[in-house]
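Student: One structure is given below, represented as structure tokens, and several questions about it will come after.
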Amino acid sequence: MKSIGIFVVALWLTHFCDGGQLGARIYSSGSESSVLLFDQYINKYAFTNGDVKIIYEGKSIFEILSETYVTDFNIFDRAISQDNLDMFQIVQFPLAGQAIVMTYNLPELVNSSYRLVIDRETLGKIWYGAISKWNDTAIQNLNPTVGHLLPDTDIILGYSDDYIMTISGLIKMALSSFSPEFDTELKYANNTFNGMNPTKNGRGHNIGETSTVRLEWLKKTSYGLTYINYADVYNNGTDSTVPMNMYNKAGYFVEPNLVSVQAAMSDFKIFYANNNSTIDIYDAPGNKSWPLAYVNYLGCSSAFGPMADCTRTIQMTNFIAWIYTNDAASESAIELQFYPLDKTLQKVAIDNLYNIKCNNIAVLSQQYLIGFGAPISVMSLWPNSWTTVASTARYYSAPSSQALELQETYGADFGITVTGVPNTYFNKMPDLGVMPLAAFTIVPAYNIPAINGTNGTLILDYEIITDIYLGIINNWNDSRIRALNGIEINRKLPNVSITVIYQAVSSDYNFMFTDFMSKKSPKFAKKIGSTYFPILTLPNNSMIITTDIYDVGNQLISNSNSFAFWPYFGITMLSRQPTVQAASIRTEKGNIISSNSTTLEKAINNFISKGGSIEDAPYIMGENDESWPLSALMTMIYRQSTIHYAAKAAAVADFAYWTQSNPTAINIATIQGMYVASNNPTLKSRNLNLLKNFVVDGEPISSIANCIYQGTICSDMGTCNNNSCLCNSYRKGIYCENIVSSSGESIGIILAIVIPVSFVICCIIIVLVIALIVSIRLHQRVEDEWEVDFHELDFMESLGSGGSGEVFKAMWKGTEVAVKKLVNSNITKDAERNFKQEIHRMTSLRHPNVVLFMAASTRPPNMCIVMEFMSLGSLYDLLGNELVTEIPPVLRIRIAYQAAKGMHFLHSSDIVHRDLKSLNLLLDSKWNVKVSDFGLTKIKDNNKGKSSTKEDSVCSIQWTAPEVLSEKQDIDYILADVYSFGIIMWELMTRLRPYIGLSPAAIAVAVIRDNLRPEIQEEDINLMSSDYVELVNICWHKDTMIRPSFLEIMTKLSTLIGGSGITTGTSTSSSNQSSDYIGPNIITRTKNIHNNDETKNSFGSTTYGSNTISSSSNTESDKILSKLNKKKIPTGEVIIVFTDIISAEQLWHHNPLAMKNATVLYNAVIRETLDKIGGYESFIYKDHNSGEGSFCLVFQEAIDAIDFCSISQKKLLEIDWPEELLDHPAAASEKDINGTMIFAGPRVRMGLHAGTVKIMQDPVTRRYEYSGVTVNIAAKITMMTHGGQVIMSEQVTDKISNNDCSNIKSLGQIEITDTNNYKVNIFELRIEGLIGRFFGGVAFYNYDSVTESTDLDDTYPDSLNFSTNGILYGGIKQENEYLSSAGLCRWIINYDDIQIGKQIGVGSYGIVNMGKWKNINVAVKKFVKQKIDEKQMLEFRAEIAFLSQLRHPHIILMIGACLKRPNICIVTEFMGNGSLRNVIKTTKPEWKLKIKMLYQTALGIGYLHNSDPIIIHRDIKPSNILVDDSMNVKIADFGFARIKEENSVMTRCGTPCWTAPEIIRGEKYTEKVDVFSFGIVMWEVLTCKEPFSGCNFMKVSMDILEGARPQIPSDCPIDFTKLMKQCWHAKPDKRPSMEDVIMGLNDMLGPEKSL
């Protein structure tokens, strides 16, 4: 039986089923004991990789073996033997440890917290029948506390005799190991429990194979005993099912837990290290080991193929790798009492992953480096910062000695030691590489609040330190301490006890400081000595003992007046303010020395120059008074020539070189007070030689090996490019080791002798010309690497506009890219030169969190930058997208971390952003964040102290630091970027727009004057944690010195997402993989979210014919929404329901505001009913806006769809519709002959059809669009339906044939000719209570092919078309032939009908182009922000409808609007002379014309103020006053205040020259703000100058608030001056009305006015 089972497994593993959807579905089965574990794994993995759907089913071993042809991998409780692994090319991986527990049900002990204890021998006797009673003496002796309670009752045993690869077989083997007698009896019984005495005596029962079954049996069986997985008992047990504790093989008492199971695994690690993955770990010999431990194994083929596509194999392998490397996987397993592998075993398992091959190529391409070593803070940041797409590094803290031992067994890819390498290890490992990476100091550290802030630090000497540790000095005010320190510190030293903190655990740092102090003080050597584990004899109230090797730093900062030796980097990482400080030391010669970069560097350089041994130095003692006396080398250890995998060795080499050469890596170490080894020439040379000799199979493995020569890179005379030297012009040779010799002189002599002088001159000229050409060609070649021909770019839709240009989506060489095209008006000679300089700068910037520069066109007028396309758009849009219903806190923090990482890189590269905001943080398809728009900025050193002019001002006021707003001198723009990042973190926390409702000027004034910041509420703190909020507050702090660097921000955010924090004891791992886990209690913010809509119309498509859904869009949004949206979407054969408001066009024309409100009410009823019934709202079409009157709804069950129609039709009668709308016949209330209300409000028709569909998914929101023939037929059925009527197809009624169908009436048959002459029998649903509705059949227009119906009089159109605004079915232009007929309103324009011309301006909306529509010249104002949510779109519809009705000779005619993305815009009449600003600037009009234009302007403003409702312009200025060819003026840019505000963050905002003071103060305002603006316009027209010229944004704002106004010319007429001053009065109530202004200007015009 066993051999048959193994054979079946082998057949499956070698065949490897390729079923399921490509790259989307992995099916597995395995033991029941692993169900809980895999449920957790699968849930967590969905947040790491949403591209793959993993299914796991727990089954019996025989079921597993019988269905191996349909599974992708299996999980076993036992290992497959090595013979079978080799024979059938199987690879298996130890997955997780579990504890089996003997579990009992004793009613007498139910109320007791005591657990019975059993030993191995006694347990064996119970199971072979020598002990049969619960009160047996052996059991009582083991449990004296409750022995008297044990009953004289039979022990009832529950078991399973399944043996193959089950824990029952493992239990038999364990019991045989426990008891020789049991082993003998088991063999007599043919290896079955069934044949042993307990069963023969009626006390043994075969109760089932699985642990869960045995647990259920035990719950019902008093006095029962069986073996169960501890995870099952822990998660599903009751008070009556209690697991036993045990005495293990070594005789020690143990409990089932993480420690005891991992100890058992560790006992067998030597077998795993030798690649033996077939062992069982029961009855382990260790002191802490659980006797009944076992390991789950995952098995799969090691040789897949031949296969056309290895994607599924790759996905499976990535999942296995994730199990071993993700912290969330380990943590969730531990919570359920499954125990992750020992870290060294994880490393072995990961290495085995590289043995999985597909088509003879290793499947796993990413290299996972595992390192162990001393707890060093830099090792929490270096791996995270280095990790690339191809490599991942993880670092775990362990003593240096353990790091060395793991190298011996290949248990780690690299190690870190801080105590050197003893010579004995070189004997064991001749190829051991020892590479110093950095050095650090170990310091006497103190936390004395009383002396914080004083000049200098506390001074101590070695004898004082000794006496502190011996308890001789126990007060900080001791006279000997005072004698060493100055007056200021002496005055503040407190009279309090010294609290000594030390580690009562073996520690590298213990050894270094005790050995050092023993050499400095004989007294210390005698009393304490050199030891890894010091023992102090201080009073308990004078010391704090910690057993955590990382916790000294935490204890120091948590306990005032404390003292300890600790690494310097450990105290710098504790807090922003120097609460814990390093004491200075007075040396034996009386000199005072402090720990700093200089004294550390001198200590290391002195040690190296004197030939100090790098390999075996436990620490470094400074030998002069300029060197810090105690420092240590942080040294990387690795196997120099025997690493098994070349790719892994290469990754180790690259990581090592990166730490020594990369500016980010060096900066990370330097900031933490470390000295990087590459700063020392000897160490740098030594390390390079080590990399040169780093080999696998004798071949150099480092990516720079071929460039290393005598400890240099290319002899320091060139650069290493693709592992070969590119020499400087005057050097040559493989390593640039030779100087280029000059033979020109001798050649010249020969030529002078041989050739006439004239020929020589000609040759020289030719050489010079050739040299010049070559130089030009070389320079051009460098530029050609990134220069692109503008005409190679295939431009697509606009993605948005910024301060310096517009961004387009484009295709370039078959790749989607983003192209930023510079505004032509900005391109001067200086701008062109600066642009090229910045491009050169950008070509060198490469970072995973910075948008990738790809190419550029530098030739005017088509200057542009080509960048990678970020498919998910900006963070600004994502946060405002209402369809992304939830973003988990951990993902928000990770987004912030990635953004900080990108900014840290820019700052490290000497680049400041100066326009950092959520709009400039972009997301790719995997939700990776990248910083954009940093180009075209200045290098920071050239920018400090410089101000931006108002022409350069981009409206990013919300994110701008107060010092930048106030134009202070010597601005640190690095810290200004940090301020902006604080606002972004607030946006991530709240998903709100900062300072919504305030004008830019009001924001700027409040930020500077009132220190205003966006509001943080209690719910924000609850959602994101107080630590996150604290980081926000210090980022946007007014005091720039308090703001952190981006490196500090990264560290804090890394801690919040489960990153390291080694020195403060928060974690021992530096994994770059966050734990993307969303707990069950996600807090949902209920605040209004502005700007919510789909981010893109980019869909992947998959056709589904089953209940299994999987996206092919490959986006990380699956991580979030696939788990947050628990509702299962309808798939397979579904019911499509269309709902549609008929006559919507008429109702919008009748009263736009009322129709807007009615549409909101209608949408709410449909969605509330849908949620109650359980359907799904589909996108109707990609370019169609939601919520316009039509819904496409999808149901899995027909009865649910019919119930929805009935309930919603009734609910629509209960709504309190707007009275103004009920005046229209298409919405009027109607009653039947009995007085029952049967109609009220807009009439809603509904059509239903059933069938299969095509489903496409949006990559951002994960919302699905349903399409196909079934949807089209449902839409056509809806088109023939009257308002208030519900019609369905026969395919729907067939699905409810078993229900009462008395309320369903047949209407006959129709033929739909555009779907292969599809004939449809249709039926009407008669809704109870609405029977009085009479329709007389269906509503046809010219429908044909209608048969077998007396009610169907007309014919049906023979084609299905889509109109641009409504959804048209057929060619007859009648309103109700459309779904969403709201799109047919006369003021809604099809963008394709407009011929777009040249750009003529940039306004508050965005870009303005000239155009032609129906042979009429028009102005097209296209919004920068194209993502408008449903609520805003309805408001926009209502406002455009209202504004299009306005008619006045002095306001611009609103022709209409285009409502479809990506071309949302408004269309107005075109004014030939442009703006008033342009006219007065270029023509200098005469006085009478000036007064005439002002008079007409006032008339236009007055009309707006007298409209109902009143229209306040808020932005009156000459650029918004347009002039026609006859010099008549019209007011433009009125209305759409909300959309203007949303768009303003993407466009230039200029200065508030025309803004009334009440707006700047953020107060409520009236139409008098327009009067104020008009007063400024009067001055501007008067003088033909720009107000407040030369003043920046903040000066203008403050001047207006302080009452400053433009200077009035002395020759200005008195009446004009008086009116102007009245208009711009500071107090609104003192300003005239526009009627008064009109009268005043009318008087100035006199009788000659010509209007």
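Residue positions begin at 1 at the first shown residue.
Note: Cβ is positioned from N, Cα and C throughout, glycine not excepted.
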Student: Which of the listed positions, N722, N826, does Swiss-Prot note as N-linked glycosylation site?
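Tutor: Going through N722, N826 one by one, Swiss-Prot flags N722 as N-linked glycosylation site.
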Student: Quick one: which of N275, N1157 has N-linked glycosylation site in Swiss-Prot?
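Tutor: My reading of Swiss-Prot gives N275.
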Student: Look up N135, N1234 in Swiss-Prot and give me whichever carries the note N-linked glycosylation site.
Tutor: N135
Student: Have a look at N596, N1473 and find the one that Swiss-Prot tags as N-linked glycosylation site.
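Tutor: Record lookup in Swiss-Prot returns N-linked glycosylation site for N596.
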Student: From N276, N1361, pick the one Swiss-Prot annotates as N-linked glycosylation site?
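Tutor: The N-linked glycosylation site feature in Swiss-Prot corresponds to N276.
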Student: Given the glycosylation sites N455, N596, which one is most crowded in terms of C-beta atoms within 10 angstroms?
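Tutor: Selected residue: N596.
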Student: Tell me, how many other CB atoms lie within 10 A of the CB of N495 (N-linked glycosylation site), whichever protein chain they belong to?
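Tutor: Other Cβ atoms within 10 Å of N495 (N-linked glycosylation site): 9.
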Student: Hey, what's the Cβ neighbour count for D1515 (active site, proton acceptor) at 10 Å?
Tutor: 21
Student: Tell me, in order along the sequence, which recorded positions from N452, N477, N596, N722, D1515 have their CA within 10 Å of N495 (N-linked glycosylation site).
Tutor: N477
Student: Including all protein chains shown, what's the count of other C-beta atoms within 10 A of the C-beta of N722 (N-linked glycosylation site)?
Tutor: 9
Student: Around N287 (N-linked glycosylation site), how many other CB atoms lie within 10 A of its CB?
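Tutor: For N287 (N-linked glycosylation site), the 10 Å Cβ neighbour count is 13.
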Student: Report, as a single number, how many Cβ atoms besides its own are within 10 Å of the Cβ of N477 (N-linked glycosylation site).
Tutor: 15
Student: Within a 10 Å radius of its Cβ, which of these glycosylation sites (N111, N135, N276, N452) has the fewest neighbouring Cβ atoms?
Tutor: N111
Student: DSSP-wise, what's the residue breakdown of the domain 'Guanylate cyclase' (1135-1278) into helix, strand and coil?
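Tutor: The breakdown for the domain 'Guanylate cyclase' (1135-1278) reads 60 helix, 39 strand, 45 coil.
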Student: Give the distance between the Cα atoms of N477 (N-linked glycosylation site) and N452 (N-linked glycosylation site), rounded to the nearest whole Å.
Tutor: 15
Student: Check the Cα-Cα distances from D1515 (active site, proton acceptor) to the glycosylation sites N455, N596, N722 and tell me which is shortest.
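Tutor: It is N455, whose Cα lies nearest.
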Student: So for D915 (active site, proton acceptor), how many other CB atoms are inside 10 Å of its CB?
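Tutor: Taking every protein chain into account, the count is 21.
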